[in-house]
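Quick one: this structure, given as structure tokens, is what I'll be asking you about.
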Amino acid sequence: MNTTSLPLILSPAVRDALDKKQAVVALESTIITHGMPWPDNVNTARLVEDAVRAEGAVPATIAIIEGKIHVGLDDKTLEWLGTAKDVMKVSRADLAFALSAGRHGSTTVAATMICAHLAGISVFATGGIGGVHRGVEETMDISADLTEFARTPVAVVCAGAKALLDLRRTLEFLETQGVPVVGYKTSDFPAFWSRSSGLPVPLRADSAADIAAMISMRRTLRLEGGVVVANPVPEQDEIPQAEIEALITRAVGEALEAGISGKAVTPYLLSRMLELTDGRSLRTNVALVLSNARLAAQIARALA
Ligand code: PSU
Ligand code: MN
């Protein structure tokens, strides 16, 4: 691909791997700037990169620095990102602005998909995707992640959508958009901190190779859009739904009362859950991201 006219900077390791058609896994950066507190955010970002390498793929953490899309960050930049204050949370709607105005930005799932696709990367790992928020009837709050899946051909490995959301409506929305949602070794749609939401997952695959085969078939059929790979958090790290649901209801109620809206909703809820669970939600979040990174690397290898 001719990327010379794009504001796109690939790290040497990522460029080399893509040139050699080796496995590369994209990683997002909103989880670093808006999803976890320092220093857990930076430590987790490093561990996630190591997990991808341990499975034989090259990690490509994506962020916007001074108006350029960086694909693959060095350690110094990762550390800076974890403490920087003037970083926009960038989704599809803000991407061009962040670039044209020369700003710093962290990329959400939606923006990371766009940037990964520009770079030629087709597999991406995150924690939990955005979705339809509880109370959507009032707020109309539906994450732009969901519409991105309908347009950009990147497979996103996640632990389902964040349990703070209305998961039933999130699945309905994805179905309407024609987005495959595949449970990895599960028939239940995972609920981020919990292994099951109690909702059936539309499709099931029991190996990375099977998921790679479906991605290849979608290419053969020239189907636009991406794939949601839903990987339940490892059993030993999960917070069962029965234990966490009351806290979620409380956090969502507090957000409503405080008048939190727009981009601030998800960061507010995640940090409130961290407080309400005494840090347990963060430990589970770290564990599930690591598990997703490993599976994403296996899928990328199967595709390479
Ligand atoms: N996964 C996590 N923590 C996060 C996110 C994902 O474990 O903070 C981020 C992703 O970048 C996702 C975003 O795209 O949360 C969703 O934000 P919103 O609901 O505003 O679309
Ligand atoms: Mn939103």
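Backbone N, Cα and C atoms are what each Cβ position is placed from, and that goes for glycine too.
The active site, proton donor annotation in TrEMBL covers Glu28. Per TrEMBL, substrate binding site is recorded for Lys89, Val109, Ser143, Ala144, Asp145. Among the features that TrEMBL reports, Mn(2+) binding site is placed at Asp141. What TrEMBL records for Lys162 is active site, nucleophile.
Map these features onto the structure and tell me what's around them.
A simple way to gauge crowding: the CB of Glu28 (active site, proton donor) has 29 other CB atoms within 10 angstroms, across all the protein chains here.
DSSP assigns Asp145 (substrate binding site) to a helix in the three-state reduction.
On its own chain, Asp141 (Mn(2+) binding site) has Val132, His133, Gly135, Ser261, Gly262, Val265 as residues at least 6 apart in sequence with a Cβ closer than 8 Å to its own Cβ.
Sequence-distant neighbours of Lys162 (active site, nucleophile) (same chain, six or more apart, CB under 8 Å from its CB) are Gly127, Gly128, Ile129, Gly130, Gly131, Phe192, Thr266, Leu269, Leu270, listed in sequence order. In three-state terms derived from DSSP, Lys162 (active site, nucleophile) belongs to neither a helical nor a strand segment and is classed as coil.
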Give me the Cα-Cα distance between Ser143 (substrate binding site) and Glu28 (active site, proton donor), rounded to a whole Å.
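Taking the Cα atoms only, Ser143 (substrate binding site) lies 15 Å from Glu28 (active site, proton donor).
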Give me the sequence-ordered set of same-chain residues, not including Lys89, Val109, Ser143, Ala144, Asp145, with a C-beta within 8 angstroms of the centroid of the substrate site's C-beta atoms.
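Along the chain, the qualifying residues are Thr30, Ser91, Arg92, Thr108, Ala110, Ala111, Ile129, Gly130, Leu146, Glu148.
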Taking only same-chain residues 6+ apart in sequence, whose CB is under 8 Å from that of Ala144 (substrate binding site), what do you get?
Ser91, Arg92, Ala93, Thr108, Ala110, Gly130
Reduced to three states, what secondary structure does DSSP give Val109 (substrate binding site)?
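Assignment for Val109 (substrate binding site) reads helix.
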For ligand 2, list the recorded positions among Lys89, Asp141, Ser143, Lys162 whose CB atom is within a distance below 6 Å of it, in sequence order.
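Among the recorded positions listed, those whose Cβ sits under 6 Å from ligand 2 are Asp141, Ser143.
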Relative to ligand 1, which of the recorded positions Glu28, Lys89, Val109, Asp145 have a Cβ found under 6 Å from one of its atoms?
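Glu28, Val109, Asp145, in sequence order.
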Per DSSP, Glu28 (active site, proton donor) is which: helix, strand or coil?
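It is coil.
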